[in-house]
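Participant: Structure provided below as structure tokens; questions to follow.
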Amino acid sequence: MTQAPKKLFIKTYGCQMNVYDSERMAEALGASGYVTTEVQDEADMVLLNTCHIREKAAEKVYSDLGRLRPLKEAKPDLKIGVAGCVAQAEGEEILNRMPLVDLVVGPQSYHRLPEMEARVGQGGRAVDTEFPEDDKFAALKSRPKAKRGPTAFLTVQEGCDKFCAFCVVPYTRGAEVSRPAERIVAEARGLVEAGVREVTLLGQNVNAWHGAEGGLAALVGQLAQIDGLERIRYTTSHPNDMDEALIAAHGHEAKLMPYLHLPVQSGSDRILKAMNRKHTAEEYIRLIERIRAARPDILMTSDFIVGFPGETDADFEATMDLVREVRYGSAFSFKYSPRPGTPAAERKVQVAPEVMDDRLQRLQGLLTQQQRAAQDAMVGRETTVLLEKPGRLPGQMVGKSEHLFAVHVDAPEALRGEIVKVRITEAGPNSLGGTLLA
Ligand code: SAH
Ligand code: SF4
Ligand code: F3S
């Protein structure tokens, strides 16, 4: 007798590393007879892959769990799991606070999900938030060969040793670990065979990758030799790990896309020091000059925190000055959120909420202006676009340009997954428009 497949619904919060992990968890549970569904109500198992970076993100998990109550009452056999960084940070506490949760699994232990799921099937509850000695990627089966879309994430490095004073990641993801180059190359080849044309290498500190001599630049070089892999990106980088070889690669490695997310957080040396970022604003600006010397049209993006404890008006103005000097293609900015267990949360000089609101608004205003300018500057230029899916209008496809702008193009659906030459003809608020070139 063959059993009907069980259905798995995964909701992913937080960063791209969670997106990758969600795929791998779905694959791991595939061995236990699960197929994924987009419809939560028809699920036999609901897995929330969570983020702990700011208070709002973590609290959202609890309100989403609360909303699962009626479904669990209607389907008592429904299994509910919490994975990711909230699972790592709060562990067993989640089971106490939320009796409907059956299992809690941290980001380093999810290769054990099938066993945990089986235990829950026998009526138990399961928690695993260890940082095991064994490499979870080695323990996971190789990835299925099913056809995939043209872009994929590939985690090459995990964890962080930087301990920025505001950040939970070193606690939720553990110490820096690099996957070996051969495994990454093998996984990339598999992805290309499944239809992938562009990979984004992921790590909490991806440019600290040291799985082989030569660092990330050497890995990019090896991946660039894979036929059929046309585009390579990587994220997120730390300014202090941008070595000469990686900067140079932006100049000579044609497959490396001209886009770099290089978070700076603040433009004030005093605040950078209090954040434990270990570089000055000037050093960051000089670094970007060197990167732009290697690849003049590179698009820079960043993350900012406003209202870090002790941030004065003058500190904030220094951030605004840095943004004006660098000219970003886009950037994320956040209000500082005190996180349990981090040194910054202990500081007595917290910034008032209305001051934070005001600073955030001003910073976002400036960043939006810069984003519009970067989009407008693309009009008239030729670029390549990797067509990913149909656009909103009939006969239209949408994909990403080299600089990671969404571009709408009049093109037949048969071109899905192809890299086409496009001239950019217009810039809208959220995407560009272009026409196919022969
Ligand atoms: N590893 C990356 C990003 C980590 S988290 C890096 O080093 O840049 C993504 C972003 O969330 C950070 O860049 C930071 O801007 C923001 N962030 C992290 N902790 C935060 C906190 N406690 N409050 C507000 N924003 C935070
Ligand atoms: Fe967090 Fe800093 Fe590590 Fe980035 S570098 S993950 S902000 S501790
Ligand atoms: Fe969030 Fe964890 Fe990523 S805290 S940002 S999901 S590493």
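Cβ from N, Cα, C; glycine included.
So TrEMBL lists the following for this protein:
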BINDING   CYS15, CYS51, CYS85  [4Fe-4S] cluster 1 binding site
BINDING   CYS160, CYS164, CYS167  [4Fe-4S] cluster 2 binding site
DOMAIN    6-122  domain 'MTTase N-terminal'
DOMAIN    146-376  domain 'Radical SAM core'
DOMAIN    376-438  domain 'TRAM'
Participant: Looking only at Cβ atoms, how many others are within 10 Å of the one on CYS160 ([4Fe-4S] cluster 2 binding site)?
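Facilitator: Cβ-Cβ neighbours of CYS160 ([4Fe-4S] cluster 2 binding site) within 10 Å number 23.
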Participant: Suppose we screen the binding-site residues CYS15, CYS51, CYS85, CYS160, CYS167 by Cβ distance to ligand 2 with a cut-off under 6 Å; which survive, in sequence order?
Facilitator: CYS160, CYS167
Participant: If you count other Cβ atoms within 10 Å of each one's Cβ, which of the binding-site residues CYS15, CYS51, CYS85, CYS164, CYS167 has the most?
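Facilitator: Going through CYS15, CYS51, CYS85, CYS164, CYS167 one by one, the largest Cβ count within 10 Å is at CYS85.
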Participant: Could you state the whole-number distance in Å separating the C-alpha atoms of CYS85 ([4Fe-4S] cluster 1 binding site) and CYS167 ([4Fe-4S] cluster 2 binding site)?
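Facilitator: Approximately 12 Å lies between the Cα of CYS85 ([4Fe-4S] cluster 1 binding site) and that of CYS167 ([4Fe-4S] cluster 2 binding site).
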Participant: Just to verify a number: CA distance, CYS160 ([4Fe-4S] cluster 2 binding site) to CYS51 ([4Fe-4S] cluster 1 binding site), in angstrom, no decimals.
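Facilitator: The separation of the Cα atoms works out to 15 Å.
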Participant: How does the model score the domain 'TRAM' (376-438) in terms of mean pLDDT?
Facilitator: 95
Participant: From the binding-site residues listed here (CYS160, CYS164, CYS167), select those whose CB sits under 6 A from an atom of ligand 3.
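Facilitator: Near the molecule: none at all.
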Participant: Under 6 Å from ligand 1 by C-beta, which of these binding-site residues make it: CYS51, CYS85, CYS167? Sequence order, please.
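Facilitator: Those binding-site residues that pass the cut-off, since their Cβ is under 6 Å from ligand 1, are CYS167.
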Participant: Sorry to bug you, but what's the C-alpha spacing from CYS15 ([4Fe-4S] cluster 1 binding site) to CYS167 ([4Fe-4S] cluster 2 binding site), rounded to the closest Å?
Facilitator: 14
Participant: So which other residues, same chain and not among CYS15, CYS51, CYS85, have a Cβ within 8 Å of the centroid of the Cβ atoms at the [4Fe-4S] cluster 1 site?
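Facilitator: Nearby residues not in the site list: TYR13, GLY14, MET17, ASN18, THR50, HIS52, ILE53, ALA57, GLY84, VAL169, THR172.
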Participant: To the nearest whole angstrom, what is the C-alpha distance linking CYS15 ([4Fe-4S] cluster 1 binding site) and CYS164 ([4Fe-4S] cluster 2 binding site)?
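Facilitator: Checking the Cα atoms of CYS15 ([4Fe-4S] cluster 1 binding site) and CYS164 ([4Fe-4S] cluster 2 binding site) gives a distance of 17 Å.
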